[in-house]
Amino acid sequence: MENNILLKTDSYKISHHKQYPPGTTTVYAYLESRGGDYPEQVFFGLQYILKKHLVGKIVTKEFIEEAVQFWNKHFGYDIVDREMWEYIVEKHDGHLPIRIKAVPEGTVVPTGNVLMTIENTDSNCPSLTTFLETILLQVWYPITVATNSREIKKILLRSLVKTGDPTTVKSKLHDFGFRGVSSYETSAIGSCAHLTSFTGTDTISGCVLAHNYYLAEDMVAFSIPASEHSTMVSWTREKEREAYENMLDAYPTGIISCVSDSYNIYDACEHIWGELLHDKVIARDGTLVIRSDSGDPLEVLERLLTILYDKFGGHENEKGYKVLDKHVRLIQGDGVNMKSIETIVDLLERIGFSTDNLIFGSGGGLLQKFDRDTMKFAIKCSYVEIDGIGGLAVAKNPITDKGKRNKPGRLKLVKDINGQYRTLSSIDHSDEYDNAEDQLVTVYENGQLLCDYSFNTIRANCDIDFDHLEFMHTM
């Protein structure tokens with residue numbers, strides 16, 4: 001049943017074919033973010049949905065019979081539009097007569113613009129357009145995660161430009177979210193979305209998805225040997241030093257991370273790392289990244305930076321900020337989200353330390369603490385064609401919530417002379433709409449995928465132009 005497209009929709013959608021006006025031949029709908037927490041968004045994740053659910057021959061007589069039995073039991077009587085589905089099998093060999101246009105994946109578009117349009121290509125299948133809303137609207141999740149990660153990247157990049165080395169920004173936010181999400185698929189989609197802006201992850205499902213669905217031939221993200229509390233406390237508190245020394249001996253070169261708050265993080269940094277193992281850390285060909293996993297990060301990080309700078313030394317960089325000796329860094333992996341990252345980098349700047357000294361790890365705040373209303377995503381019907389009437393621009397416009405009013409008409413996403421995106425509607429009946437070049441491209445038509453974006457291309461599309469970043473910061 002999991003592969004049956006007739007079962008990949010909300011229950012009430014099954015009844016909608018009888019609800020459109022008689023003679024309806026075309027239903028046209030579009031996707032937009034109507035607001036929310038971010039001024040702009042990264043379009044990402046549609047290609048995964050198309051490849052997984054909609055490409056190829058996906059309607060068969062067997063699937064129809066399976067679905068009819070299911071829906072009849074679910075509703076208690078025969079309600080399925082068997083005629084349409086059997087027509088799709090016979091006329092289209094099980095391929096969906098649907099056209100989907102979308103902005104290229106990775107494109108950054110201001111909130112409130114059309115991102116995708118959907119319409120039927122066969123006049124006998126008008127209800128198919130909104131039947132697919134359920135599965136297509138799940139693109140809200142990868143867009144939201146990709147957008148959140150890119151907004152965090154802006155914060156880190158601004159701080160690194162001010163205090164350190166901005167070329168390191170892509171490794172500054174590591175994905176710890178695998179265990180904190182609701183399913184394996186969520187972890188894969190969310191992690192892959194995060195990786196559109198960063199290159200560090202422990203959620204390897206995202207790397208697998210990039211390989212399977214986004215033409216990623218090379219490894220798209222990286223990790224390092226790292227300890228957890230179980231591997232540290234197994235040595236017991238009396239042998240805490242031996243536990244840490246074992247990390248240095250087991251991995252004599254490269255970057256390693258060691259969680260050091262099992263007992264007393266301050267004592268661990270000052271006496272064990274800073275004195276008992278000091279020479280071994282300094283002599284090692286690599287960097288020790290000390291992880292604190294508890295406490296108020298502002299209080300803990302300020303104290304740890306002071307301790308480590310006193311014990312290991314460092315230098316003041318050309319921008320006037322302190323940088324620890326290259327053999328030692330810190331990672332903050334507890335309570336990390338966009339707001340806390342902004343607060344922490346502000347602290348570092350205020351006390352005179354470069355953001356070079358710190359890496360962030362995030363789990364739930366990176367992949368899980370979002371919903372569709374975070375960016376107010378919706379797919380809405382905006383245009384229909386009816387025999388004897390012609391084309392009609394339609395829209396909902398509830399008096400109880402003007403924020404839920406949708407755009408009417410057929411839509412185009414266009415760029416103005418300054419390269420800024422905006423949405424045009426056919427209801428304007430203007431030469432501008434007729435002549436404007438639509439930035440939405442046909443990515444899917446009649447069961448075929450027409451655009452296959454690589455992960456490298458997507459990353460390039462959403463990379464941050466520093467001049468643009470400075471402009472946005474001053475608005």
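Every residue gets a Cβ built from N, Cα and C, even glycine.
If you check TrEMBL, you get these features:
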| type | residues | note |
| --- | --- | --- |
| DOMAIN | 4-100 | domain 'Nicotinamide phosphoribosyltransferase N-terminal' |
| DOMAIN | 172-446 | domain 'Nicotinate/nicotinamide phosphoribosyltransferase' |
| BINDING | Arg179, His229, Arg291 | diphosphate binding site |
| BINDING | Asp202, Arg291, Ser292, Asp293, Gly333, Asp334, Gly364, Arg372 | beta-nicotinamide D-ribonucleotide binding site |
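Nearest neighbour of Gly333 (beta-nicotinamide D-ribonucleotide binding site) by Cα distance, taken over the binding-site residues Arg179, His229, Arg291: Arg291. Of the candidate binding-site residues, Arg179, His229, Arg291, the one lying closest to Gly364 (beta-nicotinamide D-ribonucleotide binding site) when CA atoms are compared is Arg179.
Looking only at the binding-site residues Arg179, His229, Arg291, the one with its C-alpha closest to Asp334 (beta-nicotinamide D-ribonucleotide binding site) is Arg291.
For the binding-site residues listed here (Arg179, Arg372), the lowest count of other CB atoms within 10 A around the CB belongs to Arg179. Broken down by DSSP into helix, strand and coil, the domain 'Nicotinamide phosphoribosyltransferase N-terminal' (4-100) contains 46 helix, 16 strand, 35 coil.
Counted over every protein chain shown, other Cβ atoms within 10 Å are most numerous around Gly333 among the binding-site residues Gly333, Gly364.
Separating the Cα atoms of Arg291 (diphosphate binding site) and Arg372 (beta-nicotinamide D-ribonucleotide binding site) is a whole-number distance of 33 Å. The average pLDDT for the domain 'Nicotinate/nicotinamide phosphoribosyltransferase' (172-446) in the predicted structure is 96.
The sparsest Cβ neighbourhood within 10 Å, among the listed binding-site residues (Arg291, Ser292, Asp293), is found at Asp293.
The Cβ of Asp202 (beta-nicotinamide D-ribonucleotide binding site) has 18 other Cβ atoms within 10 Å, all protein chains considered. In the shown protein chains, 19 other C-beta atoms lie within 10 A of the C-beta of Asp334 (beta-nicotinamide D-ribonucleotide binding site).
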